[in-house]
Amino acid sequence: MIDSRLPLTDIHRHLDGNIRAQTILDLGRQFNLALPADELEALRPHVQITHAEPDLVSFLQKLDWGVAVLGDLEACRRVAYENVEDAANAGLHYAELRFSPYYMAMKHQLPVTGVVEAVIDGIRSGSRDLGIDVRLIGIMSRTFGEAACLQELEGLLAHRDGITALDLAGDELGFPGGLFLNHFNRARDAGLRITVHAGEAAGPESIWQAIRELGAERIGHGVKAVEDPALMDFLAEHGIGIESCLTSNIQTSTVASLAQHPLAKFLRHGVMASINTDDPAVQGIEIEHEYLVAAPQAGLTPAEIRTAQENGLKMAFLSEQEKQTLRDKVRG
C-alpha cells in the first residue's frame, strides 16, 4: 500500500532508462535510424524486459535503443521533459532522476556538456509546468572507463547548479570503484552529494569501498550487504541508505525471486532502505507496482512498506527544511 498522507518518492530512477517506446519510434523516424521494428508493439520486446535477463550487463543492453535515437540535443531535452511527465503521472511528489551524459551523447557524438545542459533545461521546464520537485543525479558510466568518466564529471561540474549528486553505475565487476577515487574527490570538493551503485553485481567489499573510499552517503541496490553482518551493522549505525529496486533485481538475476530479496532484512535490521523503480520504461513497471505488488511479495508488512516510504524522503538529497515543506504540502 501507499500511504497518501506521506510524500511518495523515487530516488533511484534512471532518466536514460525511462525513454518511452513511442519516443524511441518517433525519434528513430525523425533521424532516419534503423530500428529493430517500425511499429510500437513490435518494437516493445526490443526495448522492454519481457523475462529475467541472465546478468546485469544483459539487462543494461535493453537500454541501448533508447539512447541510440538521441540524434541531437533537443531530443535529449524532450526525453528529460517526458521523464518529469512520467514521474508526475506516476503520482510522485519528489523524484531524483539520474543520467549518464556520456552514454546519452555517445551514439551521435553529441557534446557531453551540451547533453547535461539540455537535460537540466528539460527537467526545469517539466518541474515548472507540472509542479513536481525533481532533482538530477549525474552518473559516471564506469563501463566506458576512467577517461570517459572524467568527461562526464567535467560536463556535470560545468553545470553544477543543476546537479545535486554524483553516482557511479555500469559494469561493477569489470570497473571497481577504486579506479575513480580522484573523480569522487573532485565531486565532493565541488559540494556534490554521493550515491554509488554497489553490491549489485559485486559483493559486500564493493559497498565498503563505495563508503570508505568514494564517500557514498547512499548505496544503489546494495543487495549483497546481507552477506556481511558487520556491514549491516555499519549501515544501520551510520544511517547510510539503501536504494532498493525490487523488480529490477529480479530482472537482472541479482536476486532469484522477490521472496529472497533482502529489503525486509534491511528494514528489520534498522537499515534505512527505500522502494524505487530503477528503469521504469525498460522494466515495464511503475512505482505503484513496486509498492502494491513487489513489496508484499518480498515479504514486507504494511508497516514496513510505510517505513520504506518514509525512508524515501529521509534519504532524499534535500535539506531538512525542504523535506518538511514537502511533508506539509502532501498533508495539505
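Including glycine, each Cβ sits where the backbone N, Cα and C put it.
Same-site candidate for Zn(2+) binding, as annotated by Swiss-Prot with His12, His14, His197, chosen from Asp121, Asp278: Asp278. A distance of 9 Å separates the Cα atom of Asp279 (substrate binding site) from that of His12 (Zn(2+) binding site). For the recorded positions His12, His14, His197, His221, a Cα-Cα cutoff of 10 angstroms around Gly170 (substrate binding site) retains His197. On the backbone, the CA of Glu200 (active site, proton donor) and the CA of His221 (site 'Important for catalytic activity') stand 6 Å apart. Distance from the CA of His221 (site 'Important for catalytic activity') to the CA of His14 (Zn(2+) binding site) is 13 Å. Applying an 8 A CB threshold to same-chain residues 6+ apart, the list for Asp278 (Zn(2+) binding site) reads His12, Arg13, His14, Gly17, Cys245, Thr247, Ser248. In the three-state DSSP classification, His14 (Zn(2+) binding site) falls within a strand.
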